[in-house]
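As annotated by TrEMBL, compositional bias 'Polar residues' applies to 342-351. As annotated by TrEMBL, compositional bias 'Basic and acidic residues' applies to 352-374. Taken from TrEMBL, the feature domain 'Katanin p80 subunit C-terminal' covers 494-652. Annotation source TrEMBL lists region 'Disordered' at 311-455. The repeat 'WD' annotation in TrEMBL covers 16-58, 59-100, 101-142, 143-184, 185-226.
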Amino acid sequence: MATPVVTKTAWKLQEIVAHASNVSSLVLGKASGRLLATGGDDCRVNLWSVNKPNCIMSLTGHTSPVESVRLNTPEELIVAGSQSGSIRVWDLEAAKILRTLMGHKANICSLDFHPYGEFVASGSQDTNIKLWDIRRKGCVFRYRGHSQAVRCLRFSPDGKWLASAADDHTVKLWDLTAGKMMSEFPGHTGPVNVVEFHPNEYLLASGSSDRTIRFWDLEKFQVVSCIEGEPGPVRSVLFNPDGCCLYSGCQDSLRVYGWEPERCFDVVLVNWGKVADLAICNDQLIGVAFSQSNVSSYVVDLTRVTRTGTVAQDPVQDSRPLAQQPPHPSAPLRRIYERPSTACSKPQRVKQNSESERRSPSSEDDRDERESRAEIQNTEDYNEIFQPKNSISRTPPRRSEPFPAPPEDDMATAKEAAKPSPATDVQFPVPNLEVLPGPPTVVTSTPAPKAEPAIIPATRNEPIGLKASDFLPAVKIPQQVELLDEDAMSQIRKGHDTMCVVLTSRHKNLDTVWAAWTTGDIKTSVDSAVAINDLSVVVDLLNIVNQKASLWKLDLCTTILPQIEKLLKSKYESYVQTGCTSLKLILKRFLPLITDMLAAPPSVGVDISREERLHKCRLCYKQLKSISGFVKSKSSLSGRHGSAFRELHLLLFPVCPPAHEPLLGPRCCPAAILEAALAHWPPPQP
């Protein structure tokens, strides 16, 4: 008889590189649990199918990092808010931009779609909440009341209310029909990160950085219960679809809670770090987390998770909390949402338009469509997920299957070791018994030493042409099979003192640069950083200057360009990335000025300021010409750096035009004139 395979309760599904730069936001489609949208510092919104490695679609148009993304319930529309305060809505089926909404003055921190109408709510760092009509491309209403950034917005299941959570430690409930605040829920002692409506009852859950989850009664407008002792700030919560429990995505764990009374049903260890969003599909909970440019997805098998309390034996316990008893429609614990077939009354004043009337033709809309693109990266997955819903299909839609659970790590090896040989009698291993002295006599079983699991070689994981042993430290004692703890610690500590000296020196150097920076003289601080002759200090300073383009002056370029050349030739990836970013800013900001100045005819008379500027332009040009050869040689590389070098090569085209294209920049000045001007510089004085 075959032994049943024990599978994992929670496991990591996949890890992908989602963006060319850091990921700043992500969201899961709640209807399918299979669609993932990510927003990044590269100003793009990318769409993925969970457990598939390739991007389905990449949405462009934002000019600043994407801070918040949200999918509507049918997963046909997506809205993204940027750091600049702009909001863009895309139609995923039509693969085009639908609307651009402007009005916020700061970062967009939260977004949500109305469950029935084509309306979007947005919360910003400017403390305002706005309700937008996508069809009319306008703001329907603005809600004021928070004093700090609005971190989360959620519409109620019936679409009549809007809940908001903010950094001012409060949760507010807004009536969309009346256009005013219904109630404020104080109680949290830290920023409130997330709110979530119960799917059926008038109940609201809120999670805060004060490590508590509070449940609020929306009939009596008072707290029902408070769960304390979370391992860290609460960032994501989700009710079970039937409302029996609440899932909390904690640091490296999933916790299952009830609220009347407050209690923890189960804790599942999941090494997902800081989980950013949760979704449920096929009795599986999907969790996603991001770190830098990577996004990881995890699965928890909910069939093996305790979601309700044990049913009491005492018949008096018939009045036990709702989370412990089956739902009974005739006697609910509190009021149930009445889901209308149409939108809420406030937005109903807007007439429902057809698809062709959704966008009113205007020059601004046309410009948005030109600037914003939906690039389909994977046609097969796109057609499968975003096939038009209004087309008649004679076959039912294919339902997604649950993700298969992998077997437990130790079970497979243990089962193989416990299998008896077919040629011998079946014998059960006798546990090692040990009698402990002293009254009373206690017999305990000491588990046998755990055998080392057999390592099964997998050729697919072996790098071609490389041996892992070449990169491991050589074992000094031939008889020693494995590295002892003492030896491992000594090897770790070997470079510790050197690293401490390096970091101490770097700290002193940064203090020197900081002293010059506080005086307000950027040029002096840059000169001091260069004089220290430590590229790490230059990189730290450039990472600050690159965040504000207005700090760049022509004086800085003459000092920084030689350092940029060193950074581009560095073996450290972060140095190369910083060098590329700085060079790109210089080229976009100063290259037209440099080319125009050098190609202009000599002035009549003496102009000292112009001569100084011309001298700086000449120095910059020579340095750029020196850098352009290296950039051209690296432009054939693949990957992120290759793309950056190719972009720089295009920007450097006016510096080194090809032989058959003797034009210099958009002014069409002959390169020969420019070279002659440089060769005979300075011009003879009359």
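Backbone N, Cα and C atoms are what each Cβ position is placed from, and that goes for glycine too.
Keep in mind it's a predicted model, so treat the numbers as computed, not measured.
Residue counts for the repeat 'WD' (101-142) by DSSP state, with H, G and I taken as helix and E and B as strand, are 0 helix, 23 strand, 19 coil. Only residues 6 or more beyond the boundaries of the repeat 'WD' (16-58), in the same chain, are considered here, and those with a CB under 8 A from a CB of the stretch are 64-71, 73-75, 78, 80, 82, 90, 92, 95, 276-282, 284, 286, 288, 290-295, 297, 374-378, 381-382, 385, 400, 403, 640, 643. Across the repeat 'WD' (143-184), the DSSP tally of helix, strand and coil residues reads 0 helix, 23 strand, 19 coil. Residues of the repeat 'WD' (16-58) grouped by DSSP class, helix first, strand second and coil last, total 0 helix, 23 strand, 20 coil.
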